[in-house]
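J.: As listed in TrEMBL for this protein:
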- 32-52: transmembrane segment (TRANSMEM)
- 46-297: domain 'G-protein coupled receptors family 1 profile' (DOMAIN)
- 64-83: transmembrane segment (TRANSMEM)
- 103-125: transmembrane segment (TRANSMEM)
- 145-167: transmembrane segment (TRANSMEM)
- 205-228: transmembrane segment (TRANSMEM)
- 249-270: transmembrane segment (TRANSMEM)
- 282-299: transmembrane segment (TRANSMEM)
Amino acid sequence: MGEDGNTSTFNISYTNFFLIGFPGLQEWRPLLFLPLTFLYVTIISANALVIHTVVAQQSLHQPMYLLIALLLAVNVCAATAVMPKMLKGFVHYANPISLHGCLTQMFFIYFTLLLDYNLLLAMALDRYIAICHPLRYTDLMTSKLLGVLAILALTRSLGVAVPLVVLTSQAPFCRTMVIPHFTCEYIALLSIACGDLTFNSKLGLAMRLVTVTFDLALLGASYTRIIYAAFRISSGGARAKALHTCGSHLLVILTIYLSGLSTSIVFRVAKTVSQDVQNLLSAIYLLLPGALNPVIYGVRTREIRQHVEKMFYSKKSAQEVRGKPERMQSMIVEGK
């Protein structure tokens, strides 16, 4: 018998599992499938619409809009890493997944989340240069710098996600084959692992704290300087535009970091909270950015909103123009 009372601690390590998300809502699972499917389709469609607008409009081929498009593309990838398997779990109570599949899903979850953080840092740098050094913006914010920022974002995301996945893969999973979650999150996998997991737990917490603390410190310093510089702009219109743009970025930052912070606090402090509540907070943390970000940027960013409205108006006008000959022909046939 193992030290923790499990007879299989040193003998068995499961390689196939069952995801059991929201076990307390078993009777409601079929009813939740349709609204969650609608949510997933909405996330994909809304993000794709804004991305298409940025790509299609030459006037939007500027660093700020390109970074927004990249952020929304990451949102699509993050939702796709979670939602299909989650939706399958609402159809089948016991949702099977292999260890390799679980680790792959875990990698994409944390890789995309970290890319979100890194792109927000790049967007803060872009706004800092645009508002604090406007005369040098075109010289500093070049395509070469964007490429460097993209490489740094990918490297930093891999540097955190890969060690977490490798460390998790080495843990023995002998407690149970059932993962009480709808996705393969790090803490959910540790909950079914056995042996001494002190290092795993501390490393995961340390990497989370260091990443979030470092990012929030940089973001706080950048936007403090940006807002201070914006208030010093003499033109009222330019000042309002700068503050409005920064407001959109700050809304996205608050959405991502506050949802993540609430999830971490509940997982590590509130032990009496039910598994369903913990899973709900995880769902909010993983899916809320993908649902809100295209709305925030699509509505609050005037240039993007105008192009979206123009695109829909053009389609409507084209349909009306095509419909006129058909109506005239119908009138002629009817003798009117």
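Placement of Cβ uses the backbone N, Cα and C atoms for every residue, glycine included.
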J.: In the same chain, which residue numbers or ranges, 6 or more beyond the ends of the transmembrane segment (103-125), come under 8 angstroms Cβ to Cβ?
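T.: For the transmembrane segment (103-125), the nonlocal Cβ contacts are 64, 67-68, 70-71, 74-75, 77-78, 81-82, 85, 97, 146, 149, 152-154, 156-158, 160-162, 164-165, 168-169, 183-186, 189, 211-212, 215, 218-219, 222-223, 226, 249, 252-253, 256, 260, 286, 289.
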J.: Please give the average pLDDT for the domain 'G-protein coupled receptors family 1 profile' (46-297) in this predicted model.
T.: 86
J.: So which residues does the transmembrane segment (64-83) touch in its own chain, when a touch means Cβ under 8 Å and the partner is 6 or more beyond its ends?
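T.: The answer is 36, 39-40, 43-44, 47-48, 50-51, 54-55, 105, 108-109, 112-113, 115-116, 119-120, 122-123, 126-127, 130, 146, 150, 182-183, 245, 252, 286-287, 289-290, 293-294, 297, 301, 303-304.
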